[in-house]
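S.K.: Have a look at this one.
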């Protein structure tokens with residue numbers, strides 16, 4: 001019988017992008033704010049958006065300052081999100097060797113800063129992940145590929161990666177499970193944002209009905225199906241006289257609100273090394289109305305997951321009328337309540353979290 005998991009509470013600074021971009025906080029100040037609010041102990045950053053000069057410009061002086069800061073405020077680096085920018089060149093896509101070199105620099109910085117995990121992205125193929133395994137071994141960093149809508153745990157691309165992981169049998173290869181893949185409704189806060197942009201109620205009703213229909217059909221298991229759904233949102237906006245909203249509907253309706261059922265995570269659960277607690281808002285009842293946070297936490301606990309959950313508030317893209325710190329506070333309260341209801345607890349003590357995270361990442365995949 002699997003022992004109950006004890007997930008580690010944490011947050012990604014991505015949740016506070018609006019405040020960071022508005023220069024309300026610099027990196028030092030935002031990390032201190034996170035610690036003071038009790039949003040840790042887990043701390044996740046995105047390399048290119050949080051760290052000036054990433055990756056080549058990260059010198060030893062900055063590394064020392066960063067490590068000293070997180071030690072001072074008693075936070076634990078959990079995951080550094082790194083990018084797979086295969087299309088960064090104007091003339092062609094990166095070739096295999098260029099991609100490995102590009103990723104290697106970022107993985108090295110993750111290790112220097114003290115992050116045990118580098119979140120990588122779905123555009124990495126099984127062959128690329130296999131080529132990066134020696135890099136992961138060199139630096140002692142787990143590569144956790146993010147499973148993000150429109151993909152999900154049972155998507156063909158994800159299963160191909162899982163099968164390669166099983167063949168390679170290394171604890172340094174795994175997944176970051178992003179809860180946006182398993183959403184149960186169109187976010188009310190986004191509908192409100194569309195209202196504020198002048199969208200008619202009838203159009204919003206049709207958007208919700210279209211998404212609900214895709215939810216009933218089940219998740220897209222191929223890129224072809226995803227493309228058809230993407231186009232359906234664009235067509236709806238055009239027919240309704242709001243073509244300016246078409247791409248917005250499509251990106252959010254397919255790329256943020258994934259309609260996969262929760263049990264699709266079971267296809268890859270043994271390889272889940274990190275979790276993005278993706279959510280979009282907290283309602284007047286103190287709950288997330290479109291992401292089944294309680295069920296997701298229970299699933300992790302019951303399957304023995306003891307890694308970090310980085311609360312990832314994505315509603316900042318459109319919600320400029322609510323405080324993201326209040327919203328994170330509310331969502332983490334839901335996580336703690338859900339873990340308790342499942343017979344366990346979220347880990348909020350830094351010393352205990354360090355021990356548990358080290359053990360979680362050291363375990364064989366099927367240990």
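Cβ from N, Cα, C; glycine included.
Pulled from Swiss-Prot, these are the listed features:
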BINDING   146, 178, 276, 312  Mg(2+) binding site
ACT_SITE  148  active site, proton acceptor
S.K.: May I ask you to report the DSSP-based helix, strand or coil state of residue 148 (active site, proton acceptor)?
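M.R.: Its secondary structure by DSSP: coil.
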S.K.: Could you say which of the recorded positions 148, 276 has its Cβ with the most other Cβ atoms inside 10 Å?
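M.R.: Answer by Cβ density within 10 Å: 276.
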S.K.: How many Å separate the Cα atoms of residue 276 (Mg(2+) binding site) and residue 148 (active site, proton acceptor)?
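M.R.: It is 9 Å, counting Cα to Cα.
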S.K.: For residue 178 (Mg(2+) binding site) and residue 148 (active site, proton acceptor), what Cα-Cα distance in Å is obtained after rounding to a whole number?
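M.R.: Residue 178 (Mg(2+) binding site) and residue 148 (active site, proton acceptor) have their Cα atoms 5 Å apart.
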S.K.: Just to confirm: which same-chain residues, 6+ apart in sequence, have a Cβ under 8 Å from the Cβ of residue 146 (Mg(2+) binding site)?
M.R.: 81, 119, 120, 121, 122, 175, 176, 178, 276
S.K.: How many Å separate the Cα atoms of residue 148 (active site, proton acceptor) and residue 312 (Mg(2+) binding site)?
M.R.: 12
S.K.: Give the number of CB atoms, excluding that of residue 312 (Mg(2+) binding site) itself, located within 10 Å of its CB.
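M.R.: Within a 10 Å radius of the Cβ of residue 312 (Mg(2+) binding site) lie 23 other Cβ atoms.
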